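One structure is given below, encoded as structure tokens.
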Amino acid sequence: MNDMTAMDSTVETQRTKIAAKGVNVYYGDSHAIKDVNVEIEDKTVTAFIGPSGCGKSTFLRCLNRMNDTIDICRVTGDILLEGEDIYDKRVDPVQLRAQVGMVFQKPNPFPKSIYDNVAYGPRIHGLAKNKAELDEIVEKSLRRGAIWDEVKDRLHAPGTGLSGGQQQRLCIARAVATEPEVLLMDEPCSALDPIATAQVEELIDELRENYSVVIVTHSMQQAARVSQKTAFFHLGNLVEFGPTGQIFTNPEDPRTESYITGRIG
């Protein structure tokens, strides 16, 4: 897949998976995200780009309430998953995170076997009635993480013994094991070498057949390669959102053009 593949592809009209309406995020008195409105489409890769500190990772963490773990963080506005408010008091954040999975910047396999890393979520959420069903989920997830062939003969070896790229693909397999609807990725390739990065990017393109994928990246080349939609954040504002090809070749806002051409960053 080259830089222009995702940019040049025609995006079919997709239904909205996540809708954010008037979202603001505060860390104490600091206003980190300012009145963001955006719709994330189903079975589409959406990239969040922008300079360091622009708010893209903060907003990403709003989408599965990871910011709940920060005492001084306050979120206002509405974020709807399939039309349901994820910040409703009746929503269980643990269950939400099974629906909206997360892959972090640094690979973080649990100090468990490869098998138990992937089986952890299905066990917690009661997704398997017996060992045979759990085995099936683990294999299916490792295949979706594009790592099954590399680990199928050592499933009981520690996940931490894998290479960095393998660990990140294991974390992706772990995230999809609970059958999420959305997969969030916060700089998933920043700690990986170019070969491992290419493998993860190829995997992201495959994952969108089954999931909505939202990726935060500092690499504009990566955003161009893997995404169909791109959102540009600057100083806590969502400056521009649209088809990736348009954002990179014909942006409407001068701030977007300045970032794309390297004049701000």
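From the backbone N, Cα and C atoms, a Cβ is placed for every residue, glycine too.
Taken from Swiss-Prot as is:
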| type | residues | note |
| --- | --- | --- |
| DOMAIN | 18-260 | domain 'ABC transporter' |
| BINDING | Gly50, Pro51, Ser52, Gly53, Cys54, Gly55, Lys56, Ser57 | ATP binding site |
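A count of other CB atoms within 10 A of each Cβ picks out Gly50 as the most crowded of the binding-site residues Gly50, Pro51, Gly53, Gly55.
Residues Thr58, Phe233, His234 surround the recorded ATP site, their Cβ atoms falling within 8 Å of the Cβ centroid of Gly50, Pro51, Ser52, Gly53, Cys54, Gly55, Lys56, Ser57, which are themselves excluded. Sorted by the number of other CB atoms within 10 A, the binding-site residues Ser52, Ser57 start with Ser52, the lowest.
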